[in-house]
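**Q** Dropping a structure here in structure tokens format, bear with me for questions.
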Amino acid sequence: MFFLVRSTLHHLIGLSQDKPIRSRVRLGQRNKVTVVLGAQWGDEGKGKVVDLLAMDADIVCRCQGGNNAGHTVVVDSVEYDFHLLPSGVLNKKAVSFIGNGVVIHLPGLFDEAAKNLQKGKGLQGWEERLKISDRAHIVFNFHQAVDGIQEQQRQQQEGKNLGTTKKGIGPAYSSKAARNGIRVCDLVSDFKVFQDKFRMLAEHFLTMYPNLNIDIDGELEQLKGYAERLRPLVTDGVYFMHKALNGPSKKILVEGANAALLDIDFGTYPFVTSSNCTVGGVCTGLGVPPSYVGRVYGVVKAYTTRVGVGAFPTEQDNETGDLLQTRGREFGVTTGRRRRCGWLDLILVRYAHMVNGFSAIALTKLDILDTLPEIKVGVAYNVDGKPLPSFPANMDVLTRVSVEYKTLPGWCCSTEAARSFEDLPSQAQSYIRFIEDFLQVPVKWVGVGKSRESMIKLF
């Protein structure tokens, strides 16, 4: 009886030895994405690293943010500034992809392309090699106006603002989260339906901000023109990435905008951006399953900078800070604002590594430290005389930390001509090794200038 029951069960659930449920599926070769992310407060030089890797990439993707981000890339002595376009658009053999996690201001996109076309030949034919996800949300002119009003209100009510770029990014992501946002697929579909959605969204913001000035008819007319230019670029982003990941061998690169300490969840909240600019944003902003994420490179400036307001433990509001600011030409690409400067904060970078799991580090702007006789590195935080075990979530706590520094000898000579690790002064080599030892992450590249050639590859 027991034998009969067992045999029947095996038959029913397909476990009999001579009759398997199904043949095993053979998984094909899968491509993985290589990710480049900022490990501080932005402005680390991600564009240069992306440009280097994009030279032999097949696809270069943006996964989050908007034209509040800025990458500067120098090619053949021409300086290109990108805000929405992926830096890889300069590679004429690669497809550039703007994912669903990006919020797109269409006048900004086309103006950016026009300005960079005037600078050099690098951007010629950009529309033929750019794809935009149909699920990406649109930033409208009134989003930008609202951004400015909100900053003004914060200043009046609390005496402090967030220091946003006023590019409409926060209000656009707010629309997305409130589920009244409008996507690219809406614009390139039935324009009458789009028009109704646009008017409803504009009225929503007018109710909230009665003094808001919106030229509804004028903006709709402008958007109708952009729809025609946009339509050939729009694609189903999920299907596009699926084919890229599961098709023939391809090198796929993802460039993060902003940086870890500006992440909406993990950054120095509320002085953050409105998107996830850590590695999780790659999956949600492109439709990439986590198992397809390969190497993750963190870009770290050899010192620390921050634009706008917010806590900055290693800031040097003194001659050292002025020297770093002047030598590093530290002005925001998007806003032109002067960046605050300070010593390298390894507690902060280690925290970024905890969230992102960096495979390796790209250390940029080492040459800016060339004239310093000694260099300090932040290695521990103390609050009220007690060590802080981790990076604090509470910004009131972060403003009160005292930083414990390790002082390292400077090298007091130029590193700009170095093209290998051995070419660097021994003190510069020691500085790099100290960073590696502290983070337990290898440094793969070291930047000692503005050009591609100035990125020294260590392994």
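Cβ coordinates come from backbone N, Cα and C, glycine included.
What TrEMBL records for D43 is active site, proton acceptor. Summarising the annotation, TrEMBL assigns active site, proton donor to H71. Feature annotation from TrEMBL assigns active site to K176. If you look up TrEMBL, you'll see 42-48, 70-72, R339, 365-367, 447-449 marked as GTP binding site. What TrEMBL lists as Mg(2+) binding site is D43, G70. Feature annotation from TrEMBL assigns IMP binding site to D43, E44, G45, K46, N68, A69, G70, H71, T165, R179, N258, T273, R337. Annotation comment: TrEMBL describes V333, T334, T335, G336, R337, R338, R339 as substrate binding site.
Walk me through where these features lie, including what they touch and how far apart they are.
**A** Just so you know, the Cβ of D43 (active site, proton acceptor) picks up 29 other Cβ atoms within 10 Å once every protein chain is counted.
Same-chain residues at least 6 positions away in sequence with a Cβ under 8 Å from that of K176 (active site) are, in sequence order, V103, H137.
For L366 (GTP binding site), the number of other Cβ atoms no farther than 10 Å from its own Cβ, over all displayed protein chains, is 25.
Summarising the environment of N258 (IMP binding site), the number of other Cβ atoms within 10 Å of its Cβ, over all protein chains shown, is 30.
All protein chains considered, the CB of R339 (substrate binding site) has 21 other CB atoms within 10 Å.
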**Q** In whole Å, how far is K48 (GTP binding site) from H71 (active site, proton donor) when you measure between their Cα atoms?
**A** 8
**Q** CB neighbours of T72 (GTP binding site) within 10 A?
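**A** There are 18 such Cβ atoms around T72 (GTP binding site).
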**Q** Given R338 (substrate binding site) and G45 (GTP binding site), what distance in Å do their CA atoms have, once rounded to a whole number?
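**A** On Cα coordinates alone, these residues lie 16 Å apart.
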**Q** Of the binding-site residues G45, K48, V448, which one has its Cα closest to the Cα of N258 (IMP binding site)?
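**A** If we rank G45, K48, V448 by Cα distance to N258 (IMP binding site), first place goes to G45.
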**Q** May I ask for the distance between T165 (IMP binding site) and G45 (GTP binding site), taken between their Cα atoms and rounded to an integer number of Å?
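**A** Approximately 19 Å lies between the Cα of T165 (IMP binding site) and that of G45 (GTP binding site).
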**Q** If you measure from the Cα of R339 (substrate binding site), which of the binding-site residues G42, G70, L366 is the nearest?
**A** G42
**Q** Rounded to a whole angstrom, what is the largest C-alpha distance between any two of the residues D43, E44, G45, K46, N68, A69, G70, H71, T165, R179, N258, T273, R337 that the record assigns to IMP?
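**A** About 34 Å separates the two most distant Cα atoms.
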**Q** Among the binding-site residues listed here (G42, G336), identify the one with the smallest other-Cβ count within 10 Å.
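**A** Among the binding-site residues G42, G336, the sparsest Cβ neighbourhood within 10 Å belongs to G336.
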